[in-house]
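Taken straight from TrEMBL:
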| type | residues | note |
| --- | --- | --- |
| DOMAIN | 2-314 | domain 'Glutamyl/glutaminyl-tRNA synthetase class Ib catalytic' |
| MOTIF | 8-18 | motif ''HIGH' region' |
| MOTIF | 245-249 | motif ''KMSKS' region' |
| BINDING | K248 | ATP binding site |
| DOMAIN | 333-469 | domain 'Aminoacyl-tRNA synthetase class I anticodon-binding' |
Amino acid sequence: MVVTRIAPSPTGDPHVGTAYIGLFNYLVARQGGGKFILRIEDTDRTRLVPGAEDRIFSMMHWLGLSPDESPEVGGPSGPYRQSERYDLYQEYARKLLDSGHAYRAFETPEQLSALREAAGGGIFAVPSRELAREESDARAAAGESFVIRLKVPRAGETVVRDRLRDPIVFRNAEIDDKVLLKSDGFPTYHLANVVDDHLMGVTHVIRAEEWITSTPIHVLLYAAFGWNEPQWYHMPLLRNNDKTKISKRKNHTSAEWYRAQGFFPEAMLNFLATMGWTHPEGKEIFDLEEMQRVFDIGRITLGGPIFDLERLKWVNGKYMREVFSPEEVSARLHAYLEEHGHHVPQDAYFQQVVRMMIPRIEVFSEFWDKSTYFWTEDYPFNDKAKKLLEDARDLLPELRTALGSAPDFAPATTEALLRGFAETKGLKPGKVMQPLRAAVAGTSESPGMFEMLEALGRERVLARLDRALGVVGAQ
């Protein structure tokens, strides 16, 4: 059975990179009819952030990448927090000591610094490696502080067989004896990762390519324990526009930021999929169900994918206008507005406004500022609108009279009336429409004029023209 996992650390905001790697682990597990596990790597106690674990769970739920096993849902391979597996790591570290694949190292930080300096910052020999087991046991029993290090073979090579690349060969002489168990008894990433993956039955390790240089350590650990290696897949890193590794200095890396901006989780997954994979039919828009159906991990592309925010907005806009129905968009938008403190009735008027605004926004966070005039009579007039009103000062009273005489405010009626009004005045239609838009919306940018007039209704439109006349008179 295929088993995949992600193992984020609760050290801050949930990262888009976790979502990216999580998606591909999820797809491989689902395609193989297997399990997708979420494990929390919290052994670095100094970096833990309160609440960060729950935010990881929240991100995965938002994206629809629900794990089969996790600290939340439990499972047969638990516990799923590394901090709760302390005794296991102690046990397996002892096994490595007993088999001669690891050793206790008693060097102080000062001694290690001196050794490192003498080696010019390169690989250096750790004196404790040569200690007899009896002396090591005695010093440990006497209470001397130590770490446990992997005893890397001095000769030969270690080969990483990544399924997305040619074999990668590492000379053992260039691999240092990594710490496996720290002086506080907690494991490092290397030991905990390998032990957990084996005990949880992980068959495919799909992670970022930055872990390639750590993989020979993991290969050596699997060999030391006598375990079969999983299949290795190291995904290309997400990158900024300048090709550097994605970072919060140059991009928004928190998945929570995208959720707060009102991106669709479906669009986010669609976009992230294209960061490392191409659809076999060349499609740009596809949902998670389709991904599961056509995904082939062999189509992973290793070029550095650019995390382009404008591209993500384009994908999100496609979902808003082409994938989801107006009713679906309206329901989601209303929930978003409520969550962000904008309380408006979910009525026919709201539906009407949403339909008009859908072509004009890419994400939900743009909606309120671009549609303020639909929700209040105290909307502001921007400078361009004020200039348009001033230039049409003499035209506005006549325009108000003409609109007041309209038999109804259906789009066809107001369009015919306003075009006829412009023709009578010897004006191009824009010379009438632009100041009218400025008057009823406070801006020169709005949805279609005639649909907007219908939504606002006669009474509000005439009242807004009166208000605009007051603004002009006050200038």
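Yeah, the Cβs are placed from backbone N, Cα and C, and that goes for glycine too.
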Secondary structure composition of the motif ''HIGH' region' (8-18) [DSSP: H/G/I, E/B, coil]: 3 helix, 1 strand, 7 coil
Same-chain residues near the motif ''HIGH' region' (8-18), Cβ under 8 Å, at least 6 residues beyond its ends: 38, 40-42, 44, 47-49, 52-53, 55-56, 58-59, 208, 237-238, 246, 252-258, 272, 307
PLDDT averaged over the residues of the motif ''KMSKS' region' (245-249): 81
Per DSSP, three-state class assigned to the residue listed as 'ATP binding site': coil
Residues of the domain 'Aminoacyl-tRNA synthetase class I anticodon-binding' (333-469) by DSSP state, where helix covers H, G and I: 95 helix, 0 strand, 42 coil
Close approaches to the motif ''KMSKS' region' (245-249) from elsewhere in its chain (Cβ under 8 angstroms; 6 or more beyond its ends): 16-17, 210, 237-239, 307
Tertiary neighbours of the residue listed as 'ATP binding site' (same chain, Cβ under 8 Å, six or more apart): S254
